[in-house]
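Below is one structure; the comments refer to it alone.
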Amino acid sequence: MTVIPRDQHNISRKEISDNALKVLYRLNKSGFEAYLVGGGVRDLLLGKKPKDFDITTSATPEQVRKLFRNCRLVGRRFRLAHVMFGPEIIEVATFRGHHEQQQPESNDKNSSQQAQNGMLLRDNIFGSIEEDAQRRDFTINSLYYGISDFALRDYTGGLRDLKQGIIRLIGDPEVRYREDPVRMLRAVRFAAKLDMTISPETAEPIPRLASLLREIPPARLFEESLKLLQSGYGYKTYLKLCEYQLFQPLFPLIARNFTEHNDSPMERILIQVLKNTDYRLQNDQRVNPAFLFAAMLWYPLIEHAQKLTQESGLAYYDAFALAMNDILDEECRSLAIPKRITALVRDIWLLQLRLSRRQGKRAHKLMEHPKFRAAYDLLALRAEVENNHELQRLTQWWGEFQEATPLHQKTMLNTLGADPAPRRSRSRRPRKPTQRKEGA
């Protein structure tokens, strides 16, 4: 272990959340060891503002709960204490110890449990700070800051790796990846976020073990996908996911449409939506995961809808509606996208069929739709990606219509011409869904 005194590092208490300091001081005053650890320490050393502050301590979760009335215990796989100060949550974890494999039927909550493939199902073995440092994932996340002496403690060479810009896994990489395959995603995410290089021994097993991600619960993978693609460096992360063959297990439906020269509309819209998302986040603008997934899955949707139309003879609107269900169901097998998001994705998709129908009162009604702006943005993205003149003209019209005065809007609508008669299917009787295809 290396101890770096206060005068040899740049961390100041002024940069640490007051609530995190309260937790540290109370734990120390009660006789427990307690340190700031993980991403908060890493970011402070890099001169960045931490998003949150995590604490590790010799106190057990139950002991932490007794010290803080505003505390609740969470997690089964990893038992944690959340100390809540309004919207801010300070996460407190007990020092982890070295685990020994338990029988699968063991119900002891203070135990470790592994599956046959090596994946950790539960890891609630408590230990010392030295053991805790070895149980963390990367060396740069295994740096401890204490408020008793304001010193930094480095057990794994993390400070050296941080200065050299290296992402290095602690322990045997293959064993650690098998314990938790999400560590492969974290390696890529940190490399992209911090503009660092993954060390050769850390990188080597990733392509071989990428398929282990399929064993991770889809709900957890959905949360990880947002961290990967909606944190301001999504495009760089996407390139690294592809480099290490991690994109396909996350998005098999999308990867299926990739081409040898990376020039398919699917790849172009994916790259553009990630760049646009990065730009918005870097400029403190809001982003919506529904728009991201609507754009990413648009071309698989169109391909499937066309296939259903040709094979079944369904009217296009009916085929489109069925295709939406199929595409979202298939994607949710990999990533459990919540229903609140898939509902918005459906709205954005359905509006794509209606945006060309602007006559009469339709244009104003469309603009009143809660997801109109997202639908318009997807239309503009499609026009750019496909270099389609018809889509470009439609995008330009809607852009002008949104900014126009009521009088100019009326003029724009009058110049659209007569509403063409809706086409009917020859083999089927006219039905309401067919009319909806025409924007009715």
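Note that Cβ sites are derived from N, Cα and C of the backbone, with glycine treated the same way.
Annotation comment: TrEMBL describes 34-168 as domain 'Poly A polymerase head'.
Positions annotated as active site by TrEMBL: ASP52 (among others). Taking the Cβ of ASP52 (active site) as reference, residues of its chain lying under 8 Å away and at least six apart in sequence are, in sequence order, GLY39, GLY40, GLU88, ILE89, ILE90, GLU91.
The active site annotation in TrEMBL covers ASP54 (among others). Around the Cβ of ASP54 (active site), the number of neighbouring Cβ atoms within 10 Å comes to 19.
Other Cβ atoms within 10 Å of the Cβ of ASP137 (active site) number 22 in total over all chains. Look at ASP137 (active site): DSSP puts it in coil. Taken from TrEMBL, the feature active site applies to ASP137 (among others).
Per TrEMBL, the feature domain 'tRNA nucleotidyltransferase/poly(A) polymerase RNA and SrmB- binding' maps to 195-255.
Positions annotated as domain 'Polymerase A arginine-rich C-terminal' by TrEMBL: 313-431.
Residues or ranges marked as region 'Disordered' in TrEMBL: 414-440.
Annotation source TrEMBL lists compositional bias 'Basic residues' at 423-434.
DSSP assigns ASP54 (active site) to a strand in the three-state reduction. With respect to their backbone Cα atoms, ASP137 (active site) and ASP54 (active site) stand 15 Å from each other.
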